[in-house]
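Notes for the one structure printed next.
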Amino acid sequence: MTTPLLQDLQDRGLIAQASDLEEIQTLLSQPQTVYCGFDPTAGSLHIGHLVPLIMLKRFQDAGHQAVALIGGATGMIGDPSFKATERSLNSAEIVSGWVNDLSNQIQQLMNHQLSKPMIMVNNADWMRAINVIDFFRDVGKHFSINTMINRESVKQRLQRPDQGISFTEFSYALLQSYDFAELNRQYGCRLQIGGNDQWGNIVSGIDLTRRQNGEQVFGLTLPLITKSDGTKFGKTEGGAVWLDPSKTSPYAFYQFWLGAEDADVYHFLRYYTFLSCEEIASIEAQDQASQGKPQAQRILAEEMTRFVHGEEGLASAERITQALFSGNVQQLSLGELKQLELDGLPSIESAQQDLVELLIESGLASSKRVAREHISNNAISVNGEKVSADNPSLSFPLFDQYWLLQRGKKHFCLVKRAA
């Protein structure tokens, strides 16, 4: 009989591969320890990390113990799985700083939403204690080079004439496999989850844990989240969408989810939110009957912004959205303009008086030519009024301090006139 958790994950389309689904069903009939690893590649997580993080919460909410592993050791090397080129190696100081940042971020994000804390570990804590000879003897002897080079994630690199793979990256699978064996020893961990690109590493960890510990453990991977057009979900024109509000404001985060396509939004509600599949089906049915006024994008944006940034972050995002999209910008008070800046609307301070230069400085145009094209295409507004190509100039600043620049429907920048 399928456990309610596993049935829910299947209904949501959240299981890509499993080492033994029937055995996992049996395993999850009792409380278990489950882990997922996060390598530090920057000082913040991004939305690509949300599905595995949310997956850990789903397990913990179902009565299991979640473990989030930060790869202080593996992050020094970098996972080569399905990467086209060799990763750049970062210094120990940089990686250590990122480890602290991610650990704090995960704890702040997750623990207040859980009835008991998630366990946080750093694989550098045990990898530092192993010398290289012992590692090769005790771990390396269990790995077949033939098997490793035939894994699809490695084979793609080896088949490229312009790219090989260094021994450093090639050894990554051994380190991740050892993590599984170590967590099994320390915490009795018997299930690892990860992205589908981690399948080869997870299988290696299952095998090593069996050989070293005599324990049967299991793995489960999550699907690669793609949009209906086949492209990878999670980035914008400006790059990654970060969970750190200083890198991606709650407003920009909210707008990202609000922009989900109709063909994608119901899948995303299943992947990312804790709304039941029945509730999501009801939302979809209501949207189909609403004649072009769907509510799904707003619900998705609200749920995700609340999850990552809390009620306060959601309120600020909705406040900006209401101000920018529902009325005349010139009706905003000075206090409301200042609040937009505090709430995270893209903002700059400038003494520049030329509109074309300001469009470049604000990031709304990449060059003078592009700025002029936007103006010619009637895509630029200043303080809520379209700019004429015949007279591309700045209007008087609101309250003698602010210009609100807009490109198209969704791109804004608040410019404060420098004193």
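Any Cβ shown, glycine's included, is placed from N, Cα and C.
Note that the coordinates shown come from a computational prediction; the quantities given were computed from them, not determined experimentally.
The L-tyrosine binding site annotation in Swiss-Prot covers Tyr35, Tyr172, Gln176.
Swiss-Prot lists Lys235 with the feature ATP binding site.
Sequence annotations record features per position, and here Swiss-Prot assigns domain 'S4 RNA-binding' to 353-418 based on sequence analysis.
Sequence-distant contacts of the motif ''HIGH' region' (40-49), counting only residues of its own chain at least 6 positions beyond either end whose CB sits under 8 Å from a CB of the stretch, comprise 70-72, 75, 78, 95, 97-99, 101-102, 105-106, 225, 234, 240-244, 247, 256. Taken from Swiss-Prot, the feature motif ''HIGH' region' applies to 40-49.
Taken from Swiss-Prot, the feature motif ''KMSKS' region' covers 232-236.
Neighbour counts of Cβ atoms within 10 Å were compared for the binding-site residues Tyr35, Tyr172, and the top value is held by Tyr35.
Neighbour list (Gln176 (L-tyrosine binding site), Cβ cut-off 8 Å, at least 6 residues apart, same chain): Gly37, Thr74, Asp79, Gln198, Asn201, Ser204, Gly205.
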